[in-house]
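Structure first, then comments.
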Amino acid sequence: MNFELLIQLIVNGLIVGLLYGVIGMCFVLVYKSTQIVNFAQGEFLLVGAWVCWASLIYLELPFFLGFILSLCFMAAFGVLLQMIVLRPMIGEPIISVIMVTIGLSIFFQALMKWIFGVSPQSYPQVFDTQSINIFGLNIEMAYLMSTIIALIIMVAFYLFFKHSKHGLAMRATAFDQQVAQSLGISVKQVFAMSWGIAATVSATAGVVIGMVNGVSDSLSIMGIKVFPAVILGGLDSIVGAIVGGITIGVLENLAEFFDSQYLHIGNMYDIAPFYVLLIILWFKPYGLFGTKDIERI
Amino acid sequence: MSQAAVKIQQASPLLSVNNIEVVYDEVIQVLRGVSLDVPEGEVVTLLGPNGAGKSTTLKAISGLLKTEDGEVTRGDITFMGERIDKKNAEDVVRSGIFQVMEGRRIIEDMTSIENLKLGAYTRNDAQINQDIEMVFHYFPRLKERTGLAGYLSGGEQQMLAIGRALMARPKMICLDEPSMGLSPLLVKEVFGIIEKINKDQGITMLLVEQNANYALKAADYGYIMESGKIVLDGTQEQLLSNEDVKEFYLGGGNEERKSFKNLKSYKRRKRWL
């Protein structure tokens, strides 16, 4: 058994898993506050990564400036998307709204191909050193940065939902929209805000992944890959999304390890999470952390 | 009390509902011409049997009707001289009316303090923590309960709901059946606190109740509704001494009445509707 490879893969799994967790959190955020299953989640990553790439290449901005600019763009993008496309859908059957998000997904994938072409592009060199050595493990700088960013985002989410007025308002809206309105909360504003936050945070993940793998269509697949993570954790639990994300990240790397060492089936890395998804839906349809209503006895 | 009665005639009331009709889903008419006045600083109660339209009246005032496909099709509602019947629920809260909905409706997966903070959502000042202490002063037992609000007892949840309303620093609180599902002792406690808040803070209260006994004792003025109309109104003394009110809402009635034979239901039909 190749322990070095195993540990390296587990560490990779943790790092990727944290990113899945972040993307999953965005997914859960939108689902929780607006009850929309957002199939265009992956396109947030794609659009964000392309916008950042364009700002670096065409506008020739320094990386962090371009990064922040594209986050601002994505915040506006998310809010406008909600206001223009999804607000008129409020009160329509859930299946129609889901079809709209699938439509958005196809539209933005095509739009990005039309604007930026089909070939993958890579970001200009951001760090001087490509990778560093921690405890004998080879970790790419971009991965290290992604881990730090993911952790910052998670702490920010926690503080936002625990202490800020708008975070509390979003939780209240998720719990009961009528009650939220009776408290003076504008539900429309909360909806727009949750899409804005989801788009911005997803774009961060998109840029980070783009730095490692290059910007291409495959970013939008992250939106689908995050499904097993979110369903494992329970669709409406933010903590669940993080736990689910890390689990799936580690799991796919373990699957890759056993496949490459023993099974030789091939492509387990991509497939394993969906087997897990299937099994979870059999036994725990609401996921590990799905809503349990408080019942007073 | 008599001073209050005089005040009603003098100044224009804080809230006045003029001949409103409410229709749900564009077909179901629930209110057929309801008018009532709530003078500033007073407790006004709205009594009546199930389905009379009491909650609908409150929701028409607070704007929550629009969240249930209801609409005020006729008449108007003015609050401090401003029409509010076309406003959204969140704008009505900002103009100073806060409704404590029926069944308490606290956010169960949040703590008491988070619920209270949400009550202050429309405020932007820095005195929110002070006001949380103020709420704990009225409801000391909430302070000890630091867990999720969903695990509070019914009475504590009601207290939290009222406390959450106080956090908004409203001019007027509409309470929809605060006594629902509470033990008699708790009902007494909750009503005591409602009266105390009204006296201390000068917050006007509009109280919808089934428990006529307690509601009339707490209120300065009362309206009685039946089938979408106001059928009787009067000051606390007038209503408490009214024979029909005694018979139908307070229990008991004429001293000489001893058997069902003497029930005067027919009389009510003639006189009230």
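Cβ coordinates come from backbone N, Cα and C, glycine included.
What TrEMBL records for this protein:
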- A:6-30: transmembrane segment (TRANSMEM)
- A:42-59: transmembrane segment (TRANSMEM)
- A:65-86: transmembrane segment (TRANSMEM)
- A:93-116: transmembrane segment (TRANSMEM)
- A:141-161: transmembrane segment (TRANSMEM)
- A:226-251: transmembrane segment (TRANSMEM)
- A:271-289: transmembrane segment (TRANSMEM)
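Just going by CB pairs under 8 A, the stretch in A:42-59, A:93-116, A:226-251, A:271-289 that sits most against the transmembrane segment (A:141-161) is A:226-251. Counting only same-chain residues 6+ beyond the ends of the transmembrane segment (A:93-116), those with a CB under 8 A from a CB of the stretch are 35-40, 42-43, 46-47, 50, 53-54, 81, 85-86, 215, 217, 220, 223.
Taking pairs at least six residues apart, the transmembrane segment (A:65-86) and the transmembrane segment (A:42-59) share three or more Cβ pairs below 8 Å and count as touching.
Below 8 angstroms of C-beta separation, residues 10, 13-25, 27-29, 31-32, 37, 41-42, 154, 157, 161, 174, 272-274, 276-277, 280-281, 286-291 of the same chain, each at least six residues beyond the ends of the transmembrane segment (A:226-251), sit close to that stretch. Within the chain carrying the transmembrane segment (A:6-30), a Cβ under 8 angstroms from the stretch's Cβ atoms is held by residues 36, 38, 41, 44-45, 137-139, 143, 146-147, 150-151, 153-154, 157, 170, 194-195, 197-199, 201-202, 204-205, 208-209, 222-223, 225-226, 229-230, 233, 235-238, 240-254, 256-257, all 6 or more beyond its ends. Beyond the transmembrane segment (A:42-59), the same-chain residues lying 6 or more positions past its ends with a Cβ under 8 Å from any Cβ of the stretch are 23, 26, 65-67, 69-71, 73-74, 77-78, 104-105, 108-109, 112, 115-116, 121, 123-124, 198-200, 202-207, 209-210, 215, 217, 219-224, 226.
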